[in-house]
Amino acid sequence: MNPNQKIITIGSICMGIGIISLILQIGNIISMWVSHSIQTENQNHHEACNPSIAGQDAASVALAGNSSLCPISGWAIYSKDNGIRIGSKGDVFVIREPFISCSHLECRTFFLTQGALLNDKHSNGTVKDRSPYRTLMSCPVGEAPSPYNSRFVSVAWSASACHDGMGWLTIGISGPDNGAVAVLKYNGIITDTIKSWKNNILRTQESECACINGSCFTIMTDGPSNGQASYKIFKIEKGKVVKSSELNAPNYHYEECSCYPDAGEVMCVCRDNWHGSNRPWVSFNKNLDYQIGYICSGVFGDNPRPNDGTGSCGPVSSNGAYGIKGFSFKYGNGVWIGRTKSTSSRSGFEMIWDPNGWTETDSSFSVKQDIVAITDWSGYSGSFVQHPELTGLDCMRPCFWVELIRGRPNHNTIWTSGSSISFCGVNSDTVGWSWPDGAELPFTIDK
C-alpha cells in the first residue's frame, strides 16, 4: 500500500470512528431527553395529587385539645437558653417576656425584643415596657435568641401565640397607650385586628393561647392596672375573631393570663395587679360560657404576697397590690402552684403541690420542688402544654417556663433583659436544684 492509500485508509477509519461517536452522543442525548420527560410527567402527576394528601395530613394533626392533663409527680427540666451569658460576647437580642408554645412538630420560644442586642449602645434604656421598637420573634426552644436563629413574628409590646395543628396564630399589640391595636396573623398573614375598647393599654397574655379542635382562645385586658378593668375572651379560627365575651367580674382583676386546654375546656390562671396576693382564674368552654374565681389556697402564688396562712376564694388583700405574671395547674381539688421564693422581690422559684388548694383555704402542702434559689433572680413565669399529637401520650403534658431577669433595676447596667428555663411534668423521678441565669454583670457596655 503506497503512502497515499495509507493516508486515505487511516482517514476513513478516523471518520468512521467519529461518525459512530456522533451517533452514540445523539442517542445519549435522546435517551436523557426521554428520561427527563418521563420524570417530569411523574412529578407533575405527583404534585397534582399532593395537595389533597397534604390537606388530609394537615387535617389529621389538628390539635384536638380534649385530653386531660397528664398525672404527674414532679417536674423535669426541659430547656435553658443561657441567653445573657452567651450575649456578653455573642449577638443576642435584648428581650423580656419570653414564653414557649408547641405545635404538633416542635416547641418554640417566643420573646419580645427591644430592637437591640446585648452589650450594644441601643440596649440603653430597655427597662421600658412599651416602645415602637419592640417586636415579637421566635427561635427553637433552648437556643439563645439571636439574629441568626430567630424569626420575625409581629411588631408588639404585648403578645401571645399558639398552634392549632394547621398553622400558627400570633397576636401582637402595638401602638399608643390610649389606642393600641392587636394585629392577628395566621401563618404570618394578617387576618384580623382588635382595637383597644377602653383606650387604656390594651394588653394580652405574654404566654401561649389555647387551641381546641381548630379554635384558639385568648384573653385581653383593657383598663387600669390598679383598679377595675375590662376583660374579654376571644375565640379565633384561622386568625379571624369569630366570637368574644366580656367577663362580668366586679372586684376581679385579670392580667397576663396563663391559659391551657384541659378536657375540651380552657383554664386560665392570671395576675391580680389591683388587690389580690392569690391568683384569679377563669375557665370556659368553646361557647365562651365561663366561670370565675380565685385560688383558695393559703399557699399564695403572687408577688408581693404575705407569708402563707389562711387563704380565700376571693382576693386576699394583704400585700395584694402590684403583682407578677404566673401560673398554676388545676387537678381536681388540688393545684400545682408556681411562685417566686421571695415574698417581696422577684427572686427564686419553686413548685408546690397543694392537694386541696383549689377549694380549701389552709396552707398545708405535700410537695415542694426547688427551681431557682432565693439568692438568684427570677421573673415572670407561665404555662404551656405539649399536646398528645406531639408527645404520643394519651394526655396533655403540663409544662412551664420561668423568666430570669437581669440588668436594671437590680444591677448597675444600662439595659434590662432575661434568659429562660422550662420544665415539664412527669410521673417519674425528678430533682430540686437551682438553675439560675448565671451571667456575670456588668458588661463592657456598662463600664
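Quick reminder: no glycine exception, Cβ is built from N, Cα and C everywhere.
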Among Asp222, Asp302, Asp308 - the residue Swiss-Prot places in the same Ca(2+) site as Asp272, Gly276: Asp302
Per Swiss-Prot, the disulfide partner of Cys216, chosen from Cys211, Cys257: Cys211
Shell list (Ca(2+); ref centroid = CB of Asp272, Gly276, Asp302; cutoff 8 A): His253, Arg271, Asn273, Trp274, His275, Ser277, Asn278, Arg279, Pro280, Tyr294, Pro315, Val316, Gly320, Gly323
Greatest inter-residue Cα distance in Å for the substrate-binding set Arg96, Arg130, Glu255, Glu256, Arg271, Arg346: 20
Alpha-carbon distance [Arg130 (substrate binding site); Cys395 (disulfide bond)] in Å: 38
Binding-site residues compared (Arg96, Arg271, Arg346) - the one with the fewest other Cβ atoms within 10 Å: Arg346
Site of maximum Cβ density within 10 Å, from disulfide-bonded residues Cys102, Cys107, Cys216, Cys313, Cys395: Cys216
Where Cys107 (disulfide bond) falls in three-state DSSP terms: strand
